């Protein structure tokens with residue numbers, strides 16, 4: 001039995017930065033520090049930070065006055081930002097810079113009187129944050145499917161632009177974009193695709209891996225958007241794919257009659273979990289572990305200067 005490891009996999013620059021911000025804040029201020037939402041969507045990472053003194057909350061109303069508050073990598077709305085300032089918090093923003101870019105684009109388009117169409121998953125914290133960048137509730141319309149595009153209320157006197165959640169499936173997003181262009185030929189496009197580099201690279205790596213694998217294991221938590229997209233890509237190709245938090249979630253029956261197992265990790269899953277899976281598979285009879293070539297990533301996002 002062979003094990004193929006996707007490249008790139010695991011932590012991206014935005015996740016590295018977000019975790020480092022929490023750890024630096026704990027070192028500077030001591031526990032507790034409050035984090036609005038899970039800083040990244042990974043159980044192993046979140047549990048580790050909890051053990052160091054991070055307190056994760058969904059509502060700023062649950063934070064006492066004058067405490068340290070960190071915004072998660074997914075970003076927050078203007079209203080949440082304002083609410084946090086109002087309780088006298090010391091604020092550190094761990095929003096991924098690529099998400100911040102989308103936020104700034106929404107604000108810029110609003111000032112130019114554009115109606116913004118956001119392609120994303122309803123209820124995802126990144127989407128909630130992006131929707132909340134507009135001071136007008138009807139400035140941004142959310143679409144998830146081509147059917148949503150068909151139902152859009154389009155004013156003839158309005159200019160339109162679109163943007164996307166950064167962690168979507170590239171293929172699925174493109175079909176929605178194509179339909180948007182069909183419905184609104186004059187729609188304004190982002191200067192560059194909003195799907196982040198790490199999302200694209202990890203999806204491309206899975207497509208390569210699937211050419212040689214009989215089953216795919218994806219290290220990633222169930223609430224991780226980018227990890228779920230990796231699973232969906234494999235399943236659309238016709239390869240069984242399993243999203244796991246770690247080796248405790250593995251079922252040996254998945255490998256019955258299988259000679260090649262692909263392994264990857266979502267952008268919020270640490271490499272230590274991948275290596276635990278590799279050791280597990282070696283113990284179960286894997287004789288070869290092969291790193292499959294892919295794009296080399298050298299992007300780094302620095303933490304805020306006050307934490308350096």
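Easy rule for this one: first residue shown is 1, then count along the chain.
Including glycine, each Cβ sits where the backbone N, Cα and C put it.
The active site, proton donor feature in Swiss-Prot is assigned to 126; the stated evidence is sequence analysis. Under the heading [4Fe-4S] cluster binding site, Swiss-Prot lists 12, 96, 196, citing sequence analysis as support. Positions annotated as isopentenyl diphosphate binding site by Swiss-Prot, on the basis of sequence analysis: 41, 74, 124, 224, 225, 226, 268. Here Swiss-Prot flags 41, 74, 124, 224, 225, 226, 268 as dimethylallyl diphosphate binding site, drawing on sequence analysis. The (2E)-4-hydroxy-3-methylbut-2-enyl diphosphate binding site annotation in Swiss-Prot covers 41, 74, 124, 166, 224, 225, 226, 268.
Rounded to a whole number, the C-alpha distance linking residue 12 ([4Fe-4S] cluster binding site) with residue 226 (isopentenyl diphosphate binding site) is 11 angstrom.
In this structure the C-alpha atoms belonging to residue 224 (isopentenyl diphosphate binding site) and residue 196 ([4Fe-4S] cluster binding site) are separated by 15 Å. Each residue in 13, 14, 15, 73, 97, 98, 99, 166, 167, 197, 198, 199, 267 lies on the same chain as 12, 96, 196 and has a C-beta within 8 Å of the C-beta centroid of that [4Fe-4S] cluster site, without being one of the site residues.
For residue 124 (isopentenyl diphosphate binding site), the nearest of the binding-site residues 96, 166, 196 in terms of C-alpha separation is 166. Per-site Cβ counts within 10 Å over the binding-site residues 166, 224, 225, 226, 268 peak at 268. Counting every protein chain shown, 25 other Cβ atoms lie within 10 Å of the Cβ of the residue listed as 'active site, proton donor'. According to DSSP, residue 196 ([4Fe-4S] cluster binding site) is assigned to coil rather than to any helix or strand.
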